[in-house]
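As written in TrEMBL, here are the features:
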TRANSMEM  61-85  transmembrane segment
TRANSMEM  92-116  transmembrane segment
TRANSMEM  136-155  transmembrane segment
TRANSMEM  184-203  transmembrane segment
TRANSMEM  209-229  transmembrane segment
TRANSMEM  328-352  transmembrane segment
TRANSMEM  372-390  transmembrane segment
TRANSMEM  410-431  transmembrane segment
TRANSMEM  451-478  transmembrane segment
TRANSMEM  499-522  transmembrane segment
TRANSMEM  542-562  transmembrane segment
Amino acid sequence: MTTSTPEEPQNGEAAKPVINYRGWKAMPYVIGNEAFEKLGTFGTSANLLVYLTTVFHMKSVASATLVTVFNGTTNLASLLGAFLADTYLGRYATLGAASIASLLGMLILTLTAAVSKLHPPPCSSHGDACHGANPTQLAVLFASYVFMVIGAGGIRPCNLAFGADQFDPTTEAGKRGIASFFNWYYMTFTFAMMASSTLVIYVQSNVSWSLGLAIPTAFMFISCVLFFVGTKIYVKVRPEGSPITSVAQVLVAAFRKRALKLPDDLKGSLCDPPHLSSLVSKLPHTDQFSFLDKAAIITPMDDIKPDGSASDGWRLCSLQQVEQMKCLVRIIPVWSSCIIFEVTFVLTWTYVVFQALQSDRHLGHSNFEIPAATFPVFTMAAMTVWLFVYDRVVVPLLQRVTGKEGGITLLQRMGTGIALSVVMMTVAGLVEERRRSYALHKPTLGTTSSGGAISSMSSLWLIPQLVIAGLSDAFNVIGQVEFYYKQFPENMRSMAGGLLFLGFACSNYLGSLIITIVHRITGGHQKSNWLAEDLNQGRLDLLYFSIASISAVNFVFFIVCAKWYRYKTSDKDHEIALQTMEIRSSV
């Protein structure tokens with residue numbers, strides 16, 4: 001914890017420490033750590049598929065499976081990292097340990113490229129069969145993956161919450177700082193991804209794998225240094241116990257007492273011991289999901305300690321535990337709608353490269369061709385520019401008009417992103433329809449390596465859908481991050497980060513499932529196959545229009561969830577609201 005002085009004790013209560021929030025003074029270390037971490041890890045993971053096939057001579061199916069398992073495990077590991085941070089280690093210790101683990105993983109991976117004995121020999125130019133990796137080489141490779149998964153599992157759910165912890169959430173300046181931090185965080189994040197997607201990958205593919213992997217490793221070392229340099233000024237939120245255990249206790253206790261009837265004087269019958277934590281806000285009682293309130297009803301069979309808490313947490317829970325559970329239950333429907341939203345990005349980023357390969361990628365009348373794999377950078381660039389404009393221009397204007405913090409509510413921001421995803425998929429379908437029409441009815445520019453004709457339509461037509469994708473992501477994903485951070489109790493905020501990445505994992509799996517189902521249903525005949533190897537013979541545009549329709553239905557579902565949702569308040573907010581109502585009624 002940063003330097004603090006105790007408050008004067010009142011009414012016999014123990015003095016509570018005064019937290020010295022440093023706010024923006026801590027941001028050079030927090031954002032710098034995140035920027036260099038992303039420059040390192042993304043620059044390494046983005047090109048793993050190529051590395052495995054070219055250096056380790058893996059078959060395409062084996063390498064694709066390994067990379068898929070690596071990415072999926074990394075996202076799922078975020079849940080374990082969140083659990084450890086919230087329960088035992090705290091966000092600072094988790095981030096520190098995870099950063100070191102990530103650095104070790106990247107260092108080992110760099111050694112597999114730099115040391116000749118740690119990777120298979122190059123394929124012979126005489127056409128002889130390539131030798132695959134031996135067990136020792138694979139063991140070293142997998143060891144690097146294990147360390148990188150551990151690192152990502154600890155960093156992903158904690159870095160945003162840790163940065164937001166540096167601002168005082170009880171002041172207006174602190175609230176504005178948190179909202180602005182999320183925007184700057186993602187602007188830095190996307191800039192780092194753009195740099196990795198261009199410069200680092202170019203060095204790896206065209207100069208040297210050893211140098212191309214050593215550069216991200218150096219970035220990760222700088223990230224670790226920046227993180228630990230700021231140690232003395234950080235606010236370090238202590239773990240308050242396992243939120244997962246607390247959630248399980250509420251469910252078990254509510255089930256055990258399911259036969260109880262809710263008493264008329266409900267609040268007086270609930271277990272509500274004094275709230276002693278200075279960092280976790282006391283939650284007021286809400287009337288949603290009243291069946292969960294049964295977990296906190298005190299019966300003659302319950303044993304109460306002198307401090308007012310229950311002796312058996314699996315039979316009687318506190319009101320605070322019940323309200324924390326309600327926060328999670330309220331968030332789940334909103335979270336589920338964002339899974340469908342992310343599917344649009346999975347499909348767009350999967351097929352935009354194939355669309356670019358079968359389009360005219362020349363820049364104007366020059367001989368320079370835009371690399372097909374570079375097109376997703378337009379999404380990142382749009383997000384980066386928009387976040388700066390949104391944070392500095394749009395938000396202040398909206399705040400003057402609406403009088404709300406941030407200009408619009410978080411749910412309105414997320415809904416705007418979902419609405420834009422519908423527009424994005426519709427535009428993508430129209431552009432693909434145009435590209436395919438050019439390929440079938442106008443002169444083509446040759447064929448790709450797979451044999452598909454290259455359409456004469458300029459690949460620059462793909463940019464509008466990618467720009468809309470960047471705007472959509474800026475609204476929804478950043479809105480999600482801030483929404484989860486603010487709507488989860490303070491001791492569950494690492495879990496909030498884990499929930500975000502769990503949604504990403506679900507969207508990847510769901511996107512793959514949709515592709516598989518569409519291919520099996522339409523792939524019986526080459527003429528009707530929507531996802532044919534040659535896009536000119538397929539109907540990718542129909543897939544895009546179908547996803548746009550699903551996204552439109554999802555948008556309606558999100559609106560229903562948003563109208564039903566109730567924002568979390570603290571006990572102080574609740575008291576102020578009651579006092580305001582009393583004043584209005586008396587007037």
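Positions of Cβ are set from backbone N, Cα and C atoms, glycine also.
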Discussion item. Before we move on, state whether the transmembrane segment (209-229) and the transmembrane segment (92-116) share at least 3 Cβ pairs under 8 Å, counting only pairs 6 or more apart in sequence.
Written reply: yes
Practice prompt. May I ask for the residues of the chain that lie six or more residues beyond the transmembrane segment (372-390) and have a Cβ under 8 Å from a Cβ within it?
Written response: 183-184, 186-187, 190-191, 193-194, 197-198, 201, 349, 352-354, 356-357, 361, 459, 462-463, 466-471, 473-474, 478
Practice prompt. Please figure out which one of 136-155, 184-203, 328-352, 410-431, 542-562 racks up the most CB pairs under 8 Å against the transmembrane segment (499-522).
Written response: 328-352
